[in-house]
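To start, the structure itself, in structure tokens.
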Amino acid sequence: MAGVVLENLSWKKLIILGVFLLVLLITFFLVGGLVAPKPSNVVTVLGTKCYDNGKKLNRSKWFVSRGIHKCEELQNLDPTDEMIVNKSITEKQVVFSFWLPGPRGGEERKMTPLFQNMLAVLQVDIEHSDKVPLSKNPVLQLDVRLGARDEGDDEDDWKQIASSVEDRNLQCTLEKGKGEGYLYDCELLQLFELGSISNHYYLVNIRLPVNFLKGYNVGIGKVVDISIHLIHQNGGFTIVWMSMKSVLFVMVLSLLIWFWRRIMQLGRPPNLLERTLFSLGVVMSILDCPIELLQLGVDIPFMLLLNDIRQGAFYAMLMSFWVIFAGEHIMDQTERNRLSLYWKHLSAIIFGSICLFVFDMCERGIQLKNPFFSIWVTSAGTKLALAFIILAGIAAGCYFLFLCYMIFCVMKNISAKKASLPTMSQLRRKYYLGVIYRFRFLMMATLVCAACTVVFFIMSQLNEGEWRWGDEDLSLEFTSAFFTGVFGMWNIYVCGLLSLYAPSHKTVVEIDSADGSTEENVQLTQLPTTPSETSALQALTSKAAQD
Amino acid sequence: MRTLNSLLIMLILLIWYGEGKKTKLKGIRWWTLANIGKPSNDLRSNTQLYNSPSLLPLTKKQRKLVTKHPGTISALQNGARMAIDECKFQFRNRRWNCPTQDVGNGGPIFGKILDKGNRETAFIYAITSAAVTHSVARACAEGSIYSCSCDYNLKQPSGKDWEWGGCSDNAKFGHKFSRKFVDVLEKGRDFRYMMNLHNNEAGRVHVSKEMKKGCKCHGMSGSCAIKTCWMRLPSFRDVGDRLKDRFDGASQVISGNEGSRILGNRPNTGRKKKRYKSFQFAPVNPNHKKPGRRDLVYFDSSPSYCEKDTSIDFPGTYGRECNATSIGIDGCDLLCCGRGYVSKSYMVRERCSCIFRWCCDVKCEVCTRTKVLHTCK
């Protein structure tokens with residue numbers, strides 16, 4: 001790749017562009033921090049203990065925790081309680097009922113498609129009792145149903161979305177010195193995940209059937225309460241995020257068209273680096289494309305999976321781009337410009353991506369069928385999931401080793417070339433200086449972006465949404481700012497690459513004016529015929545022909 | 001100095017006795033809600049409550065508040081019960097064991113100890129206020145109070161609602177409600193009023209501070225790139241434990257130099273959010289630290305609780321069961337105040353080697369055992 005825009009840009013223009021991009025970045029950061037609410041919200045719903053007074057176990061009946069069809073409620077499940085003793089209530093007759101979300105401000109709150117997706121986790125409150133010991137590593141078996149209803153529907157008309165019998169491993173601890181009547185500290189259990197929200201109200205019914213023969217729910221101790229923490233994306237965040245994505249989509253797409261037209265004007269087939277850069281732009285615009293907006297009208301349950309794939313594709317493409325960019329800047333005498341040269345690196349990336357893809361399909365793919373599914377609950381599933389993740393990690397490690405080696409080679413060659421620069425002719429020196437400058441610029445930009453991402457990530461992990469800057473009147477929602485800021489930053493990174501590393505038209509003119517034509521011919525023949533230089537020559541000749 | 005202090009306290013007490021005698025126990029009658037309907041699954045008692053709100057042992061303001069937020073009444077009832085149970089649990093081994101009286105409608109359930117301003121009084125106020133916070137927050141989570149406030153998370157211009165930014169934690173409403181409901185009773189400007197308000201607030205703050213954080217990762221492929229955290233309500237036992245710790249370290253105070261409350265509008269920052277009234281208390285022992293927001297304060301010294309004391313309706317430790325082997329406060333030596341104890345062995349038939357089956361089935365054998373009971377003389 002000869003003569004990119006970057007080399008021929010005056011400092012002034014470069015600084016203007018840099019400032020423009022920086023302002024853009026700060027805008028994204030502030031939009032996230034000031035306009036958007038925090039990315040997701042949690043609704044905690046405590047289960048109502050319903051009494052199923054039917055003689056036979058009726059799994060098709062819904063138990064509703066409030067409203068006109070409210071079930072008969074049990075205040076407590078103590079074995080000594082009068083009503084429980086009198087009616088000899090058994091565990092089969094106890095249903096934990098959850099109406100999601102809860103009422104607030106005097107009215108029932110509704111879920112909206114703006115929330116995009118929801119994830120429910122279960123918190124089981126188990127009271128310590130010497131009479132009712134908690135066995136070691138007990139398995140909680142949940143007989144769970146998920147139903148949904150819209151606001152206008154009949155109050156009784158709950159439609160079943162999913163139903164399943166699920167096992168979850170309970171991991172509970174009790175602080176030392178605490179005895180009878182204290183609650184165990186139990187780890188949260190995943191209940192379900194829905195990729196789309198198309199109803200207003202959701203109803204969860206959970207039973208904990210005991211089976212002594214098979215050992216289900218036997219050693220689970222004295223379960224006193226179950227609550228659900230429902231996590232959903234905030235509507236405001238969705239709106240801000242979608243608007244931002246739309247803007248970025250248009251920006252990247254128009255730059256991409258400009259970039260491609262520029263290459264077309266060259267009159268030569270695009271070289272590898274240009275093609276890679278173009279692909280990166282394409283993947284970025286696919287990621288930017290706000291297809292989530294469709295969810296507002298259509299029910300798309302596979303959106304979570306699709307988003308994961310889009311994001312994964314972007315990471316893979318970005319990593320491929322780095323390795324190809326570094327490879328194309330090794331200033332040795334080998335013939336490059338071929339994808340096959342990078343098979344080692346690319347296969348590491350592809351292998352890692354496939355591992356993660358398979359893992360994601362196992363988790364989110366199966367969740368499309370059964371939202372209660374989680375690969376982590378069974379030990380075999382955990383091993384499988386860990387195996388995929390470890391394999392992907394190894395692939396990523398290999399990739400980084402290759403990349404580091406490549407960068408090391410480039411650095412070595414740069415210093416070698418630098419030493420011999422003064423002895424070179426002007427054109428040759430200009431060529432090498434250009435290569436070095438291009439490489440260093442990208443290296444710096446990449447490092448800055450990566451460092452920013454890491455720093456922001458750590459900051460957002462440290463304060464977990466509690467981060468507030470300034471007064472109550474001017475609070476900055478840091479987590480949202482982190483998401484919009486980092487997403488905006490990588491978009492700007494790609495935009496910057498597309499605009500600065502596009503082939504320049506200026507080069508040739510400058511060479512023409514600066515050097516005598518006779519000298520130029522001599523110099524050109526002396527140049528090593530690396531692919532990028534042949535393209536320079538092509539550019540030169542095509543430009544000359546145009547002139 | 002000490003004489004001066006005690007003089008001051010006596011003076012304050014005198015003033016208080018003079019003006020507050022008539023109304024002083026009216027407001028805390030809501031505690032008797034605990035007696036209406038025993039904690040069972042029998043639903044009838046609750047519906048009865050709804051049907052006849054005029055019977056409620058509440059003040060006018062409280063009744064207004066309860067009517068404004070339907071559903072809170074059973075939460076309050078629950079809270080009163082929780083507070084009493086917790087108080088009894090925390091003090092089961094002490095000389096003062098949180099005795100309650102089964103009085104009819106309207107009487108103070110904890111007895112005349114509330115006339116005093118000692119440690120135990122402080123604890124009662126704190127634990128009841130904490131219990132209201134806790135049980136109202138719990139009822140919000142259960143969805144039984146429709147009018148729990150949303151308090152949108154972001155202080156944004158109007159038009160932003162639940163769909164935009166979600167609602168705040170349930171505990172926030174519990175805290176606010178408890179403040180409105182419990183503190184409304186403490187009128188006047190005397191020292192007791194300040195002490196009660198402080199202890200009420202301390203109880204509530206303990207509920208908020210004991211909340212535990214729960215987190216869940218839900219980023220790309222379930223990674224921790226996105227992590228959402230929330231606070232979950234502590235078990236009331238934990239709150240009771242903390243309050244008991246504070247009871248043990250409660251500070252005896254006199255009114256601070258200013259003697260009156262300071263409204264916590266921070267003068268410089270111009271924050272909109274009002275900080276709750278905080279009072280200036282000076283510890284009686286000048287070497288002690290000033291009591292903080294979570295500390296319990298009192299001004300009367302507690303009696304030994306050994307002998308019968310009619311002024312606080314305390315029967316003394318006569319006949320109390322004690323632990324002969326313990327050297328702690330539950331041991332017979334301390335509990336019986338050196339009067340000695342009577343040991344009696346008796347046969348008991350009790351349930352043993354029980355098999356529990358969730359949720360509510362216990363199969364036990366009946367065993368006969370010999371036990372020794374020690375009671376104070």
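From the backbone N, Cα and C atoms, a Cβ is placed for every residue, glycine too.
Annotation source TrEMBL lists transmembrane segment at A:14-36, A:239-260, A:272-293, A:313-330, A:342-359, A:384-410, A:431-458, A:478-501. The feature domain 'Wntless GOLD' is assigned by TrEMBL to A:48-233. The domain 'Wntless-like transmembrane' annotation in TrEMBL covers A:234-505. Residues or ranges marked as region 'Disordered' in TrEMBL: A:525-547.
Take the transmembrane segment (A:342-359) and the stretches A:14-36, A:272-293, A:313-330, A:384-410, A:478-501: counting Cβ pairs under 8 Å, A:384-410 has the most. Summarising model confidence by region, the domain 'Wntless GOLD' (A:48-233) averages a pLDDT of 89. Between the transmembrane segment (A:14-36) and the listed ranges A:239-260, A:272-293, A:313-330, the one holding the most Cβ pairs under 8 Å is A:239-260. For the transmembrane segment (A:239-260), same-chain residues at least 6 beyond its ends with a Cβ under 8 Å from one of its own Cβ atoms are 28, 31-32, 35-36, 114, 277-278, 281-282, 284-285, 288-290, 292-293, 480, 483-484, 487-488, 491, 494-495, 498-499, 502.
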